Amino acid sequence: MISSRSACEVRPAAELAIDRHGAVNRPDLAYTEEVARETAPIYEKVKHIIPAIEWPALAPTIHAINKLKKERNAVILAHNYMTPDIYHGVADVVGDSLQLAIEATRTSADVIVQCGVHFMAETSKILNPSKTVLIPDSRAGCSLAESITAEDVRALRERNPGVPIITYVNTSAAVKAECDICCTSSNAVEVVESLGVDRVFLIPDKYLAANVARKTNVEVLVWDGACEVHERFTAQELRDYRKTDPDVKIIAHPECPPEVVDEADFAGSTKHMIDWVKEKKPAKVMMITECSMADNVASETPGVDYIRPCNLCPHMKRITLSKILDALIEMKEEVTVDPAVAGLARRAVERMINLKS
Ligand code: SF4
């Protein structure tokens, strides 16, 4: 066969992925009776947040993605910060970083579409080297992941020989590869205490590290990173909300500064925040975290009134329904990790997962 490309021309990753998984046609996105009927149960879950007038514009894409997922044998893993149309409309698995990492090890799908930020897609690839992992927009970064490099970790180790380095899951694969074990905000205290030492580094979130340090006798050394969403909340802001509405329960994410966590009735990972609301069923609750959390759990917690003083994560919001559809049609953007780096990073992630199980 004669190819129009020269022998040494590098073909785009998406073309190679289509070779492996086959080509599909771009679906018609009309709002037909069939689409209305088949997406009606989904609309029930999001009607508190998406006006009926907007549904005909969203439903055809949701319907098309759900059909394409089957054709491609794909699974969609979506973080709790995705918008409700993604979270309730197309996701197969929803959760925090730890839940998504664990589910990534269990899936039998050929293709994983990661609806979250880039380090999450890398984590899925690390755990599933033989699968095709796609992220609908590879520009979806994270201020925490970008605050530290593999060279920084090597320098920390050189200056602090013998001190284990725990990395929050919000780091690149290259950083994970240099660390001893991973953690998430769900299990950080447990991971710190599992190492049986007096001193550890917990990188890169200085606020998570400070919040963890208050719950353990282990000395926790920090890196100067922060989440641009959670560091914006202030203790005064929370006191003002309480003054305005003394009955409201306030729950905060541990990426918030410690003085903010001190003002909250409860602090925990996104999963723990959801579990807390489901268990306590407060009449009114304020989630001090990313905006979409409250929108997503509202339909699962009837009778709870959500007050929404949230901050948006611009990186998470890069992931949209139309980009998910493009990802499944065009098999883009594929996430790859150097196998040597992936092997070392996998060790750190699996050490954490094995602790959990
Ligand atoms: S919310 Fe914060 S930690 Fe999460 S992806 Fe956005 S910037 Fe990163």
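Including glycine, each Cβ sits where the backbone N, Cα and C put it.
Unlike curated records, TrEMBL annotations are generated automatically.
Taking a C-beta cut-off of under 8 angstroms and a sequence separation of 6 or more, Tyr168 (iminosuccinate binding site) has the following same-chain neighbours: Leu144, Cys182, Cys183, Thr184, Ser185, Ala188, Leu202, Ile203, Pro204, Asp205, Leu208. The iminosuccinate binding site annotation in TrEMBL covers His79, Ser97, Tyr168, Val169, Asn170, Ser185, His253, Pro254, Glu255, Thr270.
Within the same chain, residues at least 6 positions away in sequence whose Cβ sits under 8 Å from that of Cys227 ([4Fe-4S] cluster binding site) are Cys142, Ser143, Leu144, Asn170, Asp205, Tyr207, Glu255. Under DSSP, Cys227 ([4Fe-4S] cluster binding site) is assigned to coil, being neither helix nor strand in the three-state scheme. Taken from TrEMBL, the feature [4Fe-4S] cluster binding site covers Cys142, Cys227, Cys313.
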| Within the chain of Cys313 ([4Fe-4S] cluster binding site), which residues six or more apart in sequence place their C-beta under 8 angstroms from its C-beta? | Tyr81, Glu228, Val229, Glu290
| request: Please go through the binding-site residues Cys142, Tyr168, Asn170, His253, Cys313 one by one and keep those whose C-beta falls under 6 A from any atom of ligand 1; give the result in sequence order. | output: Cys142, Asn170, Cys313
